[in-house]
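Structure record follows, encoded as structure tokens.
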Amino acid sequence: MIVRQKVPRLGLILPAYNEEEVLKTTLTKLKIIRSEMIKKGSIQPDSFIMIVDDGSKDRTWALINEYESEADQIIGVKLSRNFGHQPALLAGMSEASKMADAMITLDADLQDNPEIIEQMVNKYNQGYEIVYAVRSSRKTDTWFKRNTALAFYKIAGWLGVDLVPNHADFRLMSRTSVKALMKMPERNVFLRAMVPLLGYPSAEVTYERGTRQAGSTKYPLKKMLTFAVDGITSFSVKPIRFLFDLGVLIVGIAGVEIIYTLIAKMLGHAQAGWSSLMVSIWLLGGINLMAIGVVGIYIGKIFTEVKQRPRFQIENVTGEKTPGPVSDVSTYKKASSE
Ligand code: UDP
Ligand code: MG
């Protein structure tokens, strides 16, 4: 592993949708954490807090402007309308990566415990490009949320979607990894599946997720379900494949059925018309499903093509003789252990 020489300029990114009730509490807390870390020398003094207003209809933006003028290094980004949590995070990272070496995304309601920010930065300094904050338990969740979340991770796993269990959108990303993420041009943003796809060295830090400090959830059940279904279908074409396989299975059953009905007919056990009816139902049903599956498989290919995701991602190049433009690589130093 390569350790970093330079103390990072850190950007904390908070998406906020109608968060007027909680913003003050959150910022007060984060400002303290930021200055403590600056004092200790673990982040640069120009490390900043960025709030992305995701088309709020309340006083969120007005408040951001007030805080902005009161304190240094509070940056407001306003989206033109409500785009949703994931696009808001993406917008924040895209802006922050112009300035920050490392950035951490966390919810505006302080549910993501900011006390572990320092540990996350430590992992970054050890050379990790991505640090996932992982919940140690789901004690603070309702029974319903806990179990639906569990089911979601199970199903996603079966379908081959690579997710870090019990990790949501509380994570640190280096500028290098954010730049790579920005090359994924898809419209259906589901960060917790996109980030592991980048393949950069990553670490985990565990935390206890708290309860919302003020205000109410901006993720009602309907939004949560849409998010889950969108997430899975954006990363897996296995449901289509499943249709095809089911079609094959039913055609197989029809084969057995044909033999069975023929024997029954020959032995004289069958009612007139029964054999042909049974065989047609099963055979045609199976062929139909298989045909849909075949069409689906092609659509699945189109689906992955239109995303135009980068086909590879180079992490590092060594041995370059002529110095290129200033890049993150220059902030690395080989660890003495290697
Ligand atoms: N959020 C957002 N846009 C939305 C919905 C939510 O930016 O359309 C933000 C919200 O302000 C918060 C974070 O996403 O900072 C997580 O939302 P919330 O805490 O309401 O979700 P929960 O924790 O209840 O799942
Ligand atoms: Mg919350």
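Keep in mind that glycine also has a Cβ here, set from the backbone N, Cα and C atoms.
The compositional bias 'Polar residues' annotation in TrEMBL covers 328-338. Residues annotated as domain 'Glycosyltransferase 2-like' in TrEMBL: 13-180. Feature annotation from TrEMBL assigns region 'Disordered' to 317-338. Look at TrEMBL and you will find 242-263, 275-299 tagged as transmembrane segment.
Sequence-distant contacts of the transmembrane segment (275-299) (same chain, at least 6 residues past either end, Cβ-Cβ under 8 Å): 237, 240-241, 243-254, 257-258, 261-262, 264-265.
For the domain 'Glycosyltransferase 2-like' (13-180), the model's average pLDDT works out to 93.
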